[in-house]
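Asks: Below is the structure I would like to discuss, written out as structure tokens.
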């Protein structure tokens, strides 16, 4: 019987999302339940377990005598909690070892789904789940019933734990431990898939035997292999409960020679087995998880797809695709339990898929019931598919893929209209990563913005794109001498970075360059071709992918057949998998309710109007006479909306013709309903409005529009001159690389440059638009157009002239000769206005002046090849950061950082100036000899004759000086001089002789270039003495070198190391190097040390007590260490009534330092707090709460799970910070008005652990009693652990508040004063126990704390009975001070 995962998965947080009706129970219902509970208590229950043997007594209810999971109420710590009585086969080994020894009572194992704990419970303290005992641990009985709705949670949890235990063993194996056949990642993926499909303990025993067969025998204990191995195999094949599996797993773990395995793993250059395994092991274990929060909702394919099931995927880091199998295959998986049978499961499963949709199979399906019999088989229908594995081959050989399924993605057709789901996961499957896309789908769609093209991608293309096996590793070597870890390219032995660049074929420019389609072109295509192409479905003249009936019917067809004929009901669907008519009344346009209002009728969020205007929709709706016509209008609007959303997407690379064919196909599926007619009406009505609002022009006939009125009309020119690939080209516009700022004339050259030079995939963020007249850079066309209109109005004038698609001569294909300095100019005979007279012969760019053309030719066409190897840099521009985002950024697909190329952006002005000088010189010598070139015309609008003559004189003077100036050295010149130099004096001397005056300390740049090339130099360091006796010539005008100040030197000034001067005023104070820790707030003067260490050796760092004003005061000094007892651990008060037991798990890490990928504490935290973020907003999935410097990065409001003494790691583990004690240097001092306080003696960085708040742990009753006893003084050492601090309380229902009193027992945290702007933040830290009162309260720096600054925290506001009671004035003196402190 098929059981849905959604009905069997426990969701702890579901009651929070279902509404307030689950949280509060009405009073009449409570009274009725109370009467019912008392009646049921008499009739159902009775004396339980009174015999001394512990056997079932005759009076024991029948519902407790069966050995099966049963939901019941358990009295735990005075309150009734919902739990599951486990079957004996599901009792864990650790629980059995802790069984109570009291023989007079009868006990059973209870599983609490809320805390995932097993515990023994007295049978006298249980009640039937149908009763309503009181008091309960929840807000209502309904919440407790929802927790135990899934009776299989206990078995699934223990089976998941056992499976993870096997995965942990595999994590410790190097590659030499396993056999040769088992060193392929596909083998381990199949092993993991078989383990996740285990339905019984017998299957887990077989998996243990299979795991043993993959390990080499020399790493196993020979005595165990000889004596105990046959019996162990027999026990594995006969395993029937969790206890036997845990014992067999422990025995298998003990027989491995871990010392030899560890020696292999510690050897250098020995890679650990399956590095990919560690990235998705936790995700495999999550398929057994009892939480449903991370599962994405995927639309169910149709009845004749390859898998007739819901696709489940993880949001965080899904690596596998989970598919639901049919019920008819469950018998195969249960009956065939031998090792040979397990390997044949998949072939049997896929071979039986051919007849799953037959009428006989449909009759055999039974409704799902929440019974233990149905729940125990919930994994019988799970199949995990790995891309490229043998399962895909089995699918192909069995002929499951239908020919008619190979043209369009069917998952799009199954999206119900008006579903109203706003948080659906994208259903695109990424073949290269072997997982589903983790982004959220667009509102009203099933794809995200990145995978919109998947709607039009055929299945045959997807199958061809995914290789059967993974590519081999690259054979290249990195610059560090290690082996490259990338995959090699198909057909090569190296990756893209290490492939040989000689003889490589350039990529095809025609297919790599994609431009944005015009709306006008789409409009015209739909208008002219729709009447002819919209044919009834099934006719031979239709497109090939229209022949997919009957399985290819859209959800609109299903809606058209099953929609309610009542005009006042909504047409939306209440289900994602099939069309279920909505029962709500239609309140919007007589078709939709509030929940199912389509996206194209909602308010636009991009600052523009809707794609489908509300007025047009209302006009068309008024013309509909029947409900069928309204449904057809709805379908047409949905097709129109999705088409233009995909067309306007910048990331959609699907050709426009394919998208239009898809729209025509969708409209032709129901030709009788008139969907095509409504679509044509939409096209005719919306064409003019979309053309006007979205910034597109219909052609060159609109070019006479005023530029000042419609700036976006300039885009019309970009689509008229499109002879070659540069369709987005203006005469004044060029392209530049956003990484290195190299200039390019064509976009395709920029794409090749980014891919070959920077080894990254080209994206829009890699491209900058460049203004050719002035060289400025811009992020988008709007900014460039505004700049050109304001700064270069003559360039805008050319946009009003009729565009010329073809240049006069056809010599553009000629290639310039290398090193040629001749400038070829082609005059435009048709241009009579004097604008853009000079045209470049090689690229077609037009220029007003001949020098502009000369500089362009010198910069772009003087290299040996247009797309050759690395040539000289094109120079830096001066408006580098004028981009849309304001800074250089990179797309998410980039795998390399910008650090490797950041140094190239600096110090490039010299190279650019050299190139400009060469161009000016060539223009001066050859400008007068050029034949056939007319001089530039004067523009009387801007300059008069006097100004023009004056400018010519100034330009002649500047040109003469520029020609006499020497060139600046480039990187090659500096590097060549540094290679042959003996010291920095030699470097500067050789460069000055060749290039003249140089910038100061150019030897540092030379040393940096040598370091990048692997040349080791020492002469750049201070104090280096040349072996050849070179002595530097000291310039008296140079400033003294900078010398860092000494620590705590408040008034010291850095002077020259070679001179000893006592005149401090002769040296400018700007020579001092001031750092952050020099600005100390700690007063320096006569400070009296009262105590050298207030902890008296209990802390690893001594903490002194000082009094700054003791010498100026006549009062006797106080001794604050005498009024309390210094302790390093909190004391549990008897009022808590809590046994200090160990409820914290130990991690399975075997090394001295844990890894966040394999540590169980990180895994447990990820399950409890899936939405946790760090202080930068990033997810905390598979990350420690501390960084590499043991500073906390976890956001406030979440607890910290640290490793404990039971773990195998040492105290140097990254996940051990609080338990290591105080490390910062602190001191207790007397404040002006707040008594004693605590301040820093050194600079404390943000996130550093300062101290722990320690004292006596009390309940609220005892805390209130002590407050009354202490009185209403100005000093209180009681810290309330309420909902604002108790982070663990979010996991527990009705968690009681408690307090920590540091009055008589405490540490230095009792001296921390209050501030409304504190510099500390508190976290609950779990170390020894998961109980909230046993957690530690850690105080961490929330900002950088300077030396001498007081350490403060926020006491918060505690509710008081009256406003005048227990309120004290606040002395923090912060800008946001609240004034009063309660």
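The backbone N, Cα and C atoms fix where each Cβ goes, glycine too.
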Asks: Using only what Swiss-Prot says about Zn(2+) 2 binding by 1182, 1203, 1207, identify which of 1147, 1251 is listed for that site too.
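Replies: My reading of Swiss-Prot gives 1147 as the candidate in that site.
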Asks: For the S-adenosyl-L-methionine site that Swiss-Prot lists with 1234, 1235, 1236, 1277, 1313, 1314, give the additional residue from the candidates 1198, 1201, 1355.
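Replies: Matched candidate out of 1198, 1201, 1355, per Swiss-Prot for S-adenosyl-L-methionine with 1234, 1235, 1236, 1277, 1313, 1314: 1355.
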Asks: Express the predicted model's confidence over the domain 'Pre-SET' (1145-1221) as a mean pLDDT, rounded to an integer.
Replies: 90
Asks: How far is it from residue 1372 (Zn(2+) 4 binding site) to residue 1207 (Zn(2+) 2 binding site), counting Cα to Cα, in Å?
Replies: 43
Asks: Of 1154, 1209, 1213, 1316, 1370, which binding-site residues come within 10 Å of residue 1182 (Zn(2+) 2 binding site), going by C-alpha to C-alpha distance?
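Replies: Among 1154, 1209, 1213, 1316, 1370, not one has a Cα sitting within 10 Å of that of residue 1182 (Zn(2+) 2 binding site).
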Asks: Rounded to a whole number, how many Å is the Cα of residue 1203 (Zn(2+) 2 binding site) away from the Cα of residue 1316 (Zn(2+) 4 binding site)?
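Replies: Distance between the two Cα atoms comes out at 33 Å.
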Asks: For residue 1147 (Zn(2+) 2 binding site), which residues in the same chain are close in space, meaning a Cβ under 8 Å from its Cβ, but six or more apart along the sequence?
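Replies: Correct list: 1154, 1158, 1159, 1160, 1161, 1203, 1207, 1208, 1209.
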Asks: When the number of other CB atoms within 10 A of each residue's CB is tallied over all shown chains, which of the binding-site residues 1203, 1213 has the maximum?
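Replies: When each Cβ's neighbours within 10 Å are tallied, 1203 tops the list.
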Asks: With residue 1213 (Zn(2+) 3 binding site) as the reference Cα, tell me which of the binding-site residues 1149, 1316, 1370, 1377 is the closest one.
Replies: 1149
Asks: To test your reading of the Zn(2+) 3 site: which residues beyond 1154, 1203, 1209, 1213, same chain only, put their Cβ within 8 Å of the Cβ centroid of those residues?
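Replies: Apart from the listed residues, the neighbours are 1147, 1149, 1152, 1153, 1159, 1207, 1208, 1210, 1214, 1215, 1216.
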Asks: Per DSSP, what is the helix/strand/coil residue tally across the zinc finger (838-861)?
Replies: 11 helix, 5 strand, 8 coil
Asks: Whole-number Å only: compute the distance from the Cα of residue 1149 (Zn(2+) 1 binding site) to the Cα of residue 1377 (Zn(2+) 4 binding site).
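Replies: Rounded to a whole number, the Cα-Cα distance is 47 Å.
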Asks: Apart from 1316, 1370, 1372, 1377, which residues in this chain have a Cβ no more than 8 Å from the mean position of the Cβ atoms of those residues at the Zn(2+) 4 site?
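Replies: Other same-chain residues with Cβ inside the cutoff are 1314, 1315, 1317, 1371, 1373, 1374, 1376, 1378, 1379, 1381.
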Asks: Taking the Cβ of residue 1149 (Zn(2+) 1 binding site) as the centre, count every other Cβ atom within 10 Å, in any protein chain shown.
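Replies: Taking all protein chains shown, residue 1149 (Zn(2+) 1 binding site) has 22 Cβ neighbours within 10 Å.
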Asks: Would you identify which of the binding-site residues 1159, 1207, 1316 has the most other C-beta atoms lying within 10 angstroms of its C-beta?
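Replies: When each Cβ's neighbours within 10 Å are tallied, 1159 leads.
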Asks: For the binding-site residues 1154, 1182, 1370, 1377, which one has its C-beta crowded by the most other C-beta atoms within 10 angstroms?
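Replies: Within the set of binding-site residues, the most crowded position is 1154.
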